[in-house]
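Since the structure comes first, as structure tokens, the remarks are kept for the end.
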Amino acid sequence: MSAECGEPGPEGLQGWSPGPGGHSEAMGSGPCPSPSTPTPWRLPRWRAYVAAAVLCYINLLNYMNWFIIAGVLLDVQKFFQISDSDAGLLQTVFVGCLLLSAPVFGYLGDRHSRKATLSLGILLWSGAGLSSSFISPRYSWLFFLSRGVVGTGTASYSTIAPTVLGDLFVRDQRTRVLAIFYIFIPVGSGLGYVLGSAVTELTGNWRWALRIMPCLEAVALTLLIVLVPDPPRGAAEKQGVVTVGGPRSTWCEDVKYLGRNWSFVWSTLGVTAMAFVTGALGFWAPKFLFEARVVHGLQLPCFREPCNSQDSLIFGILTVMTGVVGVILGAEASRRYKKVNSRAEPLICAASLLAAAPCLYLALILAPTTLLASYVRNLGVGVFTLQPCRASRAEGAEVSRSRAEAMVFLALGELLLSCNWAVVADILLSVVVPRCRGTAEALQITVGHILGDAGSPYLTGLISSALRAGRPDSYLQRFLSLQQSFLCCAFIIALGGGCFLLTALHLERDQAQARQPGTGIPDSQDVNSKAVESERLLPSTGASPEDP
């Protein structure tokens, strides 16, 4: 081989690295790298997109598992004879096991085969889900335990799958692929409600919903093994030396690096605020819808299984529709806005959350003062204003009009939250070096769930039960207690928006550091300044600092 790396060898170009979909890009001529430089890794474009499609399908099933129980929550409560606080604990166990497992899977994903780790996770969650459908009502504790095992399995996928996509695509292509990948968060969540309610309606038994999922997951496991590669870490970003060559950092060193990465820290806190609100309101929404209709006199109370599943079905369909539009809208807005503002991603997240907060707060505060029973559901913010049942036709028409107006708020709220899913993932991948991305995903999941949706469903149910204990036992009071337990969510949303504003202050510096070879930390202040200046020139030149 010649003394210059720009000359081709028999197997390709040493010092070249695959672009999106496997197309190579030259790094320029210069002295030959050391023997530790890895052989270039290539993947045909069609293989990369097939792998992305399989990962999207598995993400769909992943989030269906998150909310399939919420879609049949009334039936589960009747079957196991559990209260609101215990029902909320069911989701807390699921998320708690997920967050405890996420750091383990993040460690494994950064150091061992990501494909094998993902396969193990799918086997865990599908096996636990199937077995939970055969548990007797006398052993409700065993059902709680099985949901914890399902959470453990889903932790592997939530932690590792985005890092695989990050190593298959880069820049705008990665933004688009992540947008499609994260579309399946709201789509999977909505289909979880739909599947649970539809299967219960057809079979008269909510447990059949848990028995259908393993069939879909067996197909997913087969596709994963056959069609999804395990690319070298950083393969799409010309950081092969970091990925393969050189000493491997310890887990503690990775955590210290992430703790000094302020874009990662503040965006993680912003994600935590989103998780808190979506966990609380998402888990209780179908039951809240049901009780709202009971208060209206539009639905009889549920005295035995199966309970009416219409609300879960409607809510699921709305979640799917607004989720698809919201994720695409957020990703496209981020891609276009980055051309004029390099801090576009956190600013979009902040704007959506700050717009949601006052709407939710005003709806909750003004509803009691106007003697209205307020129905609130928001994955970003969603408000239904419901009046008590009236006898007159005119008042009945007013109730219908209010419900129609509230549907607009609900759809807008879910749209606002869905705008953020792909954007927050792109923030993490852009500010963290490839060698730490699995750990970064794991830490973000862990912190987000510990302070977010691990406790928020239980806390909401606990507050609701405490409020009901001091009030007359009526459906109206049950409805109002659940409504009022949501009040803190408005403040949490506003805090999340503030965290993303702080992320924007540090974004350019951390992105520049993440592009440096080696540890991802610049060797000097001068290098850092040049990298930041290159970032600022990016929108006008259309080039990346890492381009030749």
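Including glycine, each Cβ sits where the backbone N, Cα and C put it.
The domain 'Major facilitator superfamily (MFS) profile' annotation in TrEMBL covers 51-508.
If you look up TrEMBL, you'll see 1-36 (among others) marked as region 'Disordered'.
Summarising the annotation, TrEMBL assigns region 'Disordered' to 514-548 (among others).
As annotated by TrEMBL, transmembrane segment applies to 48-69 (among others). For the transmembrane segment (48-69), the residues of the chain that approach it from at least six positions outside its boundaries are 20-22, 76, 90-91, 94, 118, 122, 125, 129, 147, 150, 154, 157-158, 161, 164-165, 168-169, 177, 180-193, 195-196, 209-210, 213, 216-217, 220, 223-224, 227-229, 282-283, judged by C-beta separation under 8 angstroms.
Sequence annotations record features per position, and here TrEMBL assigns transmembrane segment to 89-109 (among others).
Within its own chain, the transmembrane segment (116-135) has Cβ neighbours under 8 Å at 58, 62, 65, 105, 108-109, 142-143, 146-147, 149-157, 160-161, 207-208, 210-211, 213-214, 217-218, 220-221, 224-225, 228, counting only residues six or more beyond its boundaries. Look at TrEMBL and you will find 116-135 (among others) tagged as transmembrane segment.
As annotated by TrEMBL, transmembrane segment applies to 141-165 (among others).
Among the features that TrEMBL reports, transmembrane segment is placed at 177-196 (among others). Outside the transmembrane segment (177-196), and at least 6 residues removed from its termini, the chain residues within Cβ reach (under 8 Å) are 52, 55-57, 59-72, 161-162, 165, 168-169, 206, 209, 212-213, 282, 286, 309, 312-313, 315-324, 326-328, 330-332, 379, 414, 418, 421-422, 425-426, 429.
Annotated transmembrane segment per TrEMBL: 208-228 (among others), in sequence order. For the transmembrane segment (208-228), the residues of the chain that approach it from at least six positions outside its boundaries are 47, 50-51, 54-55, 57-58, 61, 64-65, 68, 71-72, 115, 118-119, 122-123, 125-127, 129-130, 132-133, 164, 195-196, 199-200, judged by C-beta separation under 8 angstroms.
Same-chain neighbours of the transmembrane segment (264-285): 67, 70, 73, 88, 91, 95, 189, 258, 315, 346, 349-350, 353, 376-380, 382, 417, 420, 424, 427-428, 431-432, 440, 443-444, 447-449, 451-454, 456-457, 459-461, 482, 486, 489, 492-493, 495-497, 499-500, 502-503, 506, 510, counting only residues six or more beyond its ends whose CB sits under 8 Å from a CB of the stretch. The transmembrane segment annotation in TrEMBL covers 264-285 (among others).
Annotation source TrEMBL lists transmembrane segment at 313-334 (among others).
The feature transmembrane segment is assigned by TrEMBL to 346-367 (among others).
TrEMBL lists 406-429 (among others) with the feature transmembrane segment.
The feature transmembrane segment is assigned by TrEMBL to 486-507 (among others).
Here the transmembrane segment (313-334) has long-range neighbours at 71, 175-176, 178-180, 182-183, 185-187, 189-194, 197-198, 201, 285-286, 289, 344-345, 348, 352, 377, 379, 407, 410-411, 414-423, 426, meaning same-chain residues at least 6 beyond its ends whose C-beta is under 8 angstroms from one of its own.
In this model, the domain 'Major facilitator superfamily (MFS) profile' (51-508) carries an average pLDDT of 79.
Packing against the transmembrane segment (89-109) from elsewhere in the chain are residues 66, 69-70, 76, 82, 117, 121, 143-145, 147-152, 154-156, 158-160, 163, 251, 279, 283, 438-443, 445-446, 448-450, 453-455, 457-458, 461: each is 6 or more residues past its ends and has a CB under 8 Å from a CB in it.
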